[in-house]
């Protein structure tokens, strides 16, 4: 490999070539490409890039760099802002009413532990590969192009759908803030399917306004989020204090006890409220805009998850203390709860505060979704136009505008209840893949052990996790559970003893006590996925088929052409430095 001075020159040349090379393909040429699909799939599905290539060659395809202006406190504020508005105000009421009862705070603890373990995995990857692609980039450098694309497409779907749903919740709480019915600002259209027949124009207006804000500047958007998050945390303190002051502990056990739906209800609720934690991975997508990623990312990601978990538990507990769980309203739960105890003024305050929190949450989530799409565009898995970074603002302008319009379109029609479960299953799947990737990277790519040992361990771990989870779900003989649980512990201890792990000398931060945190994350994600209902798997299956079809018909051919042209032109223009480009790794 050439010296470090050669690599930037080479990558700059390749970026110029990549942007200037024509990519238009005729229809006949496309049909010819389709005939080569099997060959191209074999060559591209498992193809990976190295972290150096992600940081240099691939990143430069966007043209201008994103501006590094964010610090550690910006990241904590982004993480808190991205999570707080979603969890409490969207999921707490419906989950307490239908699944967990007063024990909804325990559901938040379980989901918080799982999110914390996943955040550790994210943090190690983000320190080693500080690019804007998040899980997409982490999985692409570990398991190859298709797994990275599959995760990235699911993350994007999760972002767009959840942002649309949260924007509609904003309308409900804003109505409560001014003392009106939650549906009074929506336009009902006869003839449309139930669940899609109430047009929400305030939600659309909010999304479009935030889209324009995000197009302007990341730093200014971060400052706006920081201000809103400070007020939001103060507002959370008001809800917690008021709930415990005005509420009664008897509401936690009457009617039906602390867990009226049983232990299964608590875990079913944990899978649903996991939706509340998806905002933290937005922090990792800011990696290209952070002044000191190696030090700021661990503080921002892990710190925000811990703070939010504590706040979630306290606020959920205060809601169940305030009113009995069977009297919680599924829409604008907190505002209605204060109305029922006679604090109408507090209901208005809660409506206003919740609206502010939802705006902060949307702002962060929309920041994250555009960075994901930008990096997927760099990889040529979607049209390259979406990867462009505006040189004057330092933001992925095209991706921000495109996803803003998609989110607004869905928010106009679709209600929260229709999409909540499919969001959860996509989130859990991606976090499961990241935990697997961390184990594989640490024990195979970094430590140079044979991949067969680690792959066998991951297969046995996932299989036993599925066995335990399905036994729990279908209430098989209870003796099966300790068998599967003991097997998981035994194979993990055996793997740790038999397969050595080498810690990289240049790492600023890494997950301690490996592989146990990643193993626990894998198990919890599998367990929570199996608690979801069959319709969520059916919807996810349809989505998985669609994105796989898109990859086969478009993505694999686009990346194949880009790779072949880049290598070919590089050999002609710069034959003396061609060796600087690292070979594509195939597992």
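Using the three backbone atoms N, Cα and C, a Cβ is placed for every residue, glycine included.
TrEMBL labels come from automatic prediction, so no person has curated them.
If you look up TrEMBL, you'll see 509-558 marked as domain 'Cationic amino acid transporter C-terminal'.
Per TrEMBL, transmembrane segment is recorded for 75-97 (among others). Within the same chain, residues 104, 107-108, 162, 165-166, 169, 173, 222, 225-226, 228-230, 232-233, 236, 269, 272-273, 275-280, 282-283, 286, 290, 296-297, 299-301, 303-305, 307-308, 311-312, 315-316, 319-320, 325-326, 328-334, 354, 357-365, 367-368, 416-417, 420 sit at least 6 positions outside the transmembrane segment (75-97) and bring their C-beta atoms closer than 8 Å to a C-beta of that stretch.
Distant neighbours of the transmembrane segment (103-125): 87, 92, 95-96, 134-135, 138, 258-259, 265-267, 269-274, 276-277, 280-281, 284, 297-298, 301-302, 305-306, 308-309, 312-314, 316-317, 319-320, 325, 431, 434-435, 437-438, 441, 507, 509-511, 517-518, 520-521, 524-525, 528; these residues of the same chain sit at least 6 beyond its ends, with a Cβ under 8 Å from one of its Cβ atoms. The transmembrane segment feature in TrEMBL is assigned to 103-125 (among others).
Packing against the transmembrane segment (137-157) from elsewhere in the chain are residues 44-51, 54, 122, 125-126, 129, 131, 281, 369, 372-373, 375-376, 379, 381, 403, 422, 426, 429-430, 433-434, 436-437, 440-441, 445, 543-544, 547-548, 550-551, 555, 559, 586-587: each is 6 or more residues past its ends and has a CB under 8 Å from a CB in it. Taken from TrEMBL, the feature transmembrane segment covers 137-157 (among others).
What TrEMBL records for 223-245 (among others) is transmembrane segment.
Residues or ranges marked as transmembrane segment in TrEMBL: 257-280 (among others). Outside the transmembrane segment (257-280) by six or more residues, the chain places 79, 81-83, 86-88, 90-92, 94-96, 99-104, 106-108, 110-112, 114-115, 119, 122, 158-159, 162, 301, 304-305, 308, 312, 325, 361, 364-365, 368, 420-421, 423-424, 427-428, 472, 527-529, 531-532 with a CB less than 8 A from a CB of the stretch.
The transmembrane segment annotation in TrEMBL covers 301-325 (among others).
Annotated transmembrane segment per TrEMBL: 345-368 (among others), in sequence order.
Residues or ranges marked as transmembrane segment in TrEMBL: 418-440 (among others).
Residues annotated as transmembrane segment in TrEMBL: 452-472 (among others).
Positions annotated as transmembrane segment by TrEMBL: 478-499 (among others).
Under 8 Å from some Cβ of the transmembrane segment (511-534) lie the Cβ atoms of residues 110-111, 113-114, 117-118, 120-121, 123-124, 264, 267-268, 270-271, 274, 421, 424-425, 428-429, 431-432, 435-436, 438-439, 442-443, 458, 461-462, 465-466, 468-470, 472-473, 488, 492, 495-496, 501, all in the same chain and six or more residues away from its ends. The feature transmembrane segment is assigned by TrEMBL to 511-534 (among others).
With a threshold of 8 Å between CB atoms, the same-chain residues lying at least 6 positions outside the transmembrane segment (540-556) that come near it are 34, 37, 40-41, 44-45, 146, 149-150, 153-154, 157, 380-382, 422, 425-426, 429. The transmembrane segment feature in TrEMBL is assigned to 540-556 (among others).
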For the domain 'Cationic amino acid transporter C-terminal' (509-558), residues assigned helix / strand / coil by DSSP:
40 helix, 0 strand, 10 coil
Name the range, of those listed as 223-245, 345-368, 478-499, that has the largest tally of Cβ pairs under 8 Å with the transmembrane segment (452-472).
478-499
Outside the transmembrane segment (301-325), six or more residues from its ends: residues with CB under 8 Å to it:
75-76, 78-80, 82-84, 87-88, 92-93, 96-97, 101-102, 104-105, 107-109, 112, 115-116, 119-120, 122-123, 126, 233, 236, 239-240, 242-244, 246-249, 251-252, 254-256, 260, 273, 276-277, 280, 283-284, 333-334, 337-338, 340-341
